[in-house]
Amino acid sequence: MILRELHRNVKIRLFEQFLSSMVGNMIAPFLIVYFAAHWGAPVAGAIFIINTLISIVAGLYGGHLADQYGRRTVMLRSEIIRFIATVVMMLAATPWMESPVLILIAMTIRQIMSTIARPAGDAMILDVCTPENRKTIFSLDYWMFNIAVLIGGLVGGFFFKDYMVILLAVVALMSLTSLLLLVFWIQDTYVKKQEAPSENQPHRPFRRIMGHYRIVLKDFIFLLFLGATLLQLSIQYGTNNYAVVRLANEMTHQLFFSWGDFRYVVDGYQMFGIINAVNTFLVVTLGVLIGKWVKKLNDKTAIYGGMVLYSAGYAFIAGSSQPWMLILAVSVMTIGELIFIPSKQSVLANLVPSENRGAYMAVNGLTNKGASIVGSAAVSVGAFVSSWSMAAAFSIMGILCIFVFSVIFSRLKASGKTEESSTSIHA
């Protein structure tokens, strides 16, 4: 699949999402440091916990809005407010106004708008993708996301502390670019189905929203998919949170490699940084190549094989303290991830009905929140059990994930719902 053959909405949405992910990683990880410097670490931590809870509600509301009023409308209005909030953050960071409180308020508004718009953007891609190009789109999306994280993290790391105002000005400019793309080039291909009018509906918006999500929660196959996704993400979040603590405590000065008299030793912090660097490097260099190969596999083969590599790699990251074993493990995990993710997203596209895509994508987004809780719990549990016990636990989660997907495929086969049966809108 050549990029120019994709629907215009897909190309613009992928680029707009790339910009959004990049600017998010330029500022979000460093704002907690900024707030901690002004109010202390406990307050800064509480701020981000509260923002996470707010984002859960905002995401569910955004999914409802996307199905009620259309994807473009929700994305456009959210981006307008997000742009204004970013400008306010920039002004509040200037020396003559410096106001952490105003930055916090604007940041919260910006995050709420981003979360509201996310289900609409995800649903827009599903509206126009086809069974033939899904894996290409999702592989490209994953590849671009990792590049955005890499660039955003590097730029933010170098410039946030000393050039915060200039960095926020760049973020505002990118937000304006996203806004112009939405105004002039994005088309809304979603057409809401006509519903029977109800006299009570306008006066009971909360009940209407709950009714909207009741449809999602009655979809048993989709709930199975959420369970499988939660298991997959919990392996990732749990291992990452646990491994960085374990390596920092266990690995002090270990030989990484030597050349003649030269010896390069690493500690746990450096080793975890190397693991992340290898992961990003492999995604960027192999993402497109593996994505082309995955297109030739059916979803079942790709998900089973990818999850075996994915969970095995993470298990060794959780258990091993040998530098080159960790490099091998992260390489295996990354290859499994590149095989698994596009096919998993292809299955998701097949499960989601066109008239409720916003709501389905909003609920699907909650799996990240659930996995982050599991990831935090892994650190606490890891303090009482051995590293290889944690590795075994993550391996079992991988096996359970494969089992749940096997049930999903059996249910889909029994219902006659195949990849080709998924509806999409062509333009």
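In case you wondered, yes, glycine gets a Cβ from its N, Cα and C as well.
Annotation comment: TrEMBL describes 1-416 as domain 'Major facilitator superfamily (MFS) profile'. The feature transmembrane segment is assigned by TrEMBL to 12-37, 43-62, 74-96, 142-160, 166-186, 215-235, 269-290, 302-318, 324-341, 362-385, 391-409.
Annotation: stretch 391-409 has the most Cβ pairs under 8 Å to the transmembrane segment (215-235), among 12-37, 43-62, 302-318, 324-341, 391-409.
If you look at the transmembrane segment (391-409) against the transmembrane segment (302-318), you find at least three C-beta pairs under 8 angstroms, all six or more positions apart, and that counts as contact. Distant neighbours of the transmembrane segment (324-341): 138-139, 142, 232, 271, 274-275, 278-279, 282-283, 286-287, 290-291, 294, 297, 302-303, 305-317; these residues of the same chain sit at least 6 beyond its ends, with a Cβ under 8 Å from one of its Cβ atoms. Note: the stretches the transmembrane segment (142-160) and the transmembrane segment (12-37) are in contact (3+ CB pairs below 8 A, sequence gap of 6 or more). Packing against the transmembrane segment (43-62) from elsewhere in the chain are residues 32-33, 35-36, 74, 78, 104, 107-108, 111-112, 115-120, 209, 213, 358-359, 362-363, 365-366, 369, 372: each is 6 or more residues past its ends and has a CB under 8 Å from a CB in it.
Highest Cβ pair count under 8 Å relative to the transmembrane segment (166-186), across stretches 12-37, 269-290, 362-385: 12-37.
Per-residue pLDDT, averaged over the domain 'Major facilitator superfamily (MFS) profile' (1-416), rounds to 87. The list of residues near the transmembrane segment (269-290) in space but at least 6 beyond its ends in sequence, with Cβ under 8 angstroms from a Cβ of it, reads 139-140, 142-143, 146-147, 149-150, 243-244, 247-248, 251, 254, 256, 317, 323, 326-327, 330-331, 333-335, 337-339.
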